[in-house]
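A single structure is presented below for examination.
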Amino acid sequence: MWARDKCSVPQLEMDSRYTSATGIGDLNQLSAAIPATRVEVSVSCRNLLDRDTFSKSDPICVLYTQAVGNKEWREFGRTEVIDNTLNPDFVRKFILDYFFEERENLRFDLYDVDSKSPNLSKHDFLGQVFCTLGEIVGSQGSRLEKPIVGIPGRKCGTIILTAEELNCCRDAVLMQFCANKLDKKDFFGKSDPFLVFYRSNEDGSFTICHKTEVVKNTLNPVWQAFKISVRALCNGDYDRTIKVEVYDWDRDGSHDFIGEFTTSYRELARGQSQFNVYEVVNPKKKGKKKKYTNSGTVTLLSFLVETEVSFLDYIKGGTQINFTVAIDFTASNGNPAQPTSLHYMNPYQLNAYGMALKAVGEIVQDYDSDKMFPALGFGAKLPPDGRISHEFALNGNPQNPYCDGIEGVMEAYYRSLKSVQLYGPTNFAPVINHVARYASSVKDGSQYFVLLIVTDGVISDMAQTKESIVNASKLPMSIIIVGVGPAEFDAMVELDGDDVRVSSRGKYAERDIVQFVPFRDYIDRSGNHILSMARLAKDVLAEIPEQFLSYMRARGIKPSPAPPPYTPPTHVLQTQI
């Protein structure tokens, strides 16, 4: 590092000097690359089985996890042993990565420790509990109580699991950089420099995490300040290497490499000082030229840490996610009695509609306390008079379209297939407006609505659907569209406002609330449907937390205070194995 060069800091204006940099990585994928937040899971038990003759049990808790699409359980970690108690409050916590969009299966096994052997078969089994991380997080106050099971005919007590988001995962930093005397790369002018930031991974590879704007025609650029989460920058590891590459922007995308330097969060946190002036080095030049020193310097101008309100703060404060499904019953799906139909009920495996419902629903249900889900259909003729409907209850009860859990939704779907006649057209607006009516009545942040539409075809009411989406973008709701079958889904891509915000009659959507994916992109070639469903859920749900937060921020809604944390009585002696 070099003694600080002075950077003049002009008033930044949004003019022709600034251009977005493209071609180095795909910034649309940055959000997907950001690691999960991390939560600390605490374990307590009450009324464990007493396996010791002359004293109480000496319990330990062992956590097992399952990889996505894999049935094998792997040991994740163990608590300490607490001597002589049936009501342990374990001190050692389990720290887990948390993804809203993934089903993270957990198994907690309890043992009475009888010796110092680490082999669990040498100790008495006290029972076990199965749950998901989403279940713990989604419970009131992120505190889940479940009965311990596993020993037939015996009451094994209760486990109490609490989840707390780690503070380092909630921080974001606002940083600004400038550079001095960068190499001139353009023949007829000065360089057009921009910075690309990468965080290092545990395997030594690097993942792009931020790209600055381009400052045109200067060797002494001052970039605009930018905000990035600590998770994205270094995954919460303050000593992890951060690599910064400096490029000269070219219109054709073949940006010229100027040089690079490395730093870490801990170094950057020192702020503006001689420690945060970096030599920009081009390794090729350094290897070829003996007199080469550097290709300029980059200086940190400011570094400010902010603690942000997170998705989990709202969930812990009691916000409920209300999940509604809407299924396409148009004739283009094919006769449900024929194996070629997308609605065919194969007794041995789920059809594409069933897989989409189950994949998304099984994750979202963890955030809904009553587990009652409205299930709607559209595009069918209904008995007894053949009336065409684009908003009918799958359970046949328009006054109460709620189904009990995802299994209840599946049952209502299968029953509907036997009673309605597939027809058309493919109209989305009625089901979007149905959910919007409920969402419009909730203005305090206590509920957020997610609508899953599963469809096979080309949308018929595009203008009305766009208008419905623009109106819904002001409400606490998100829309997931899963396209099944071989159709072209160009119109659906238009509704997914990642590139161009949806508009209707000159009005643009207030925020992007639609996520579309074609199911065929997720079918596992080996026939592993569990893996197909996990991949689908991961992609369609990944944007929900940010869409949720964008609504809450825009409305200035703060999370409700979480219920007081459970404070166990202090007691007992602790040992470890």
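Along the chain as shown, the residues are counted starting at 1.
From the backbone N, Cα and C atoms, a Cβ is placed for every residue, glycine too.
What Swiss-Prot records for this protein is below:
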DOMAIN    19-146  domain 'C2 1'
BINDING   ASP52, ASP112, ASP114, ASP124  Ca(2+) 2 binding site
BINDING   ASP52, ASP58, ASP112, ASP114  Ca(2+) 1 binding site
BINDING   ASP114, SER117, LYS122, ASP124  Ca(2+) 3 binding site
DOMAIN    155-278  domain 'C2 2'
BINDING   ASP186, ASP248, ASP250, ASP256  Ca(2+) 5 binding site
BINDING   ASP186, ASP192, ASP248, ASP250  Ca(2+) 4 binding site
MOD_RES   SER273  phosphoserine
DOMAIN    322-523  domain 'VWFA'
Using DSSP, how many residues in the domain 'C2 2' (155-278) fall into helix, strand and coil?
16 helix, 58 strand, 50 coil
Centre the Cβ atoms of ASP114, SER117, LYS122, ASP124, go out 8 Å, and tell me which other residues of that chain have a Cβ in range of the Ca(2+) 3 site.
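Same chain, not in ASP114, SER117, LYS122, ASP124, Cβ within 8 Å: TYR111, ASP112, VAL113, SER115, ASN119, LEU120, SER121, HIS123.
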What residues, ordered by sequence, lie under 8 A Cβ-to-Cβ from ASP124 (Ca(2+) 2 binding site) and sit at least six positions away in the same chain?
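Result: ARG51, SER57, TYR111, ASP112, ASP114.
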Pop the Cα-Cα gap between ASP192 (Ca(2+) 4 binding site) and ASP248 (Ca(2+) 5 binding site) into the table, whole Å please.
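Spelling it out, the Cα of ASP248 (Ca(2+) 5 binding site) and the Cα of ASP192 (Ca(2+) 4 binding site) are 5 Å apart.
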Of all the binding-site residues given, ASP114, ASP192, ASP250, ASP256, which residue's CB has the most CB neighbours within 10 A?
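The most densely surrounded of these binding-site residues is ASP192.
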Cα-Cα, whole number of Å: ASP58 (Ca(2+) 1 binding site) versus ASP250 (Ca(2+) 5 binding site)?
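Cα to Cα, ASP58 (Ca(2+) 1 binding site) and ASP250 (Ca(2+) 5 binding site) are separated by 67 Å.
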Per DSSP, what is the residue tally for the domain 'C2 1' (19-146) in helix, strand and coil?
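Each residue of the domain 'C2 1' (19-146) counted once, the result is 19 helix, 54 strand, 55 coil.
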Can you count the other CB atoms that lie within 10 A of the CB of SER273 (phosphoserine)?
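Result for SER273 (phosphoserine): 12 other Cβ atoms within 10 Å.
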Counting other Cβ atoms within 10 Å of each residue's Cβ, which of the binding-site residues ASP58, ASP112 comes out lowest?
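Candidates: the binding-site residues ASP58, ASP112. Fewest Cβ atoms within 10 Å: ASP112.
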Counting across all protein chains shown, how many other Cβ atoms sit within 10 Å of the Cβ of SER117 (Ca(2+) 3 binding site)?
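Excluding its own Cβ, SER117 (Ca(2+) 3 binding site) sees 11 Cβ atoms within 10 Å.
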Counting across all protein chains shown, how many other Cβ atoms sit within 10 Å of the Cβ of ASP248 (Ca(2+) 5 binding site)?
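ASP248 (Ca(2+) 5 binding site) is surrounded by 20 other Cβ atoms within 10 Å.
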Rounded to a whole number, how many Å is the Cα of SER117 (Ca(2+) 3 binding site) away from the Cα of ASP256 (Ca(2+) 5 binding site)?
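Distance between the two Cα atoms comes out at 60 Å.
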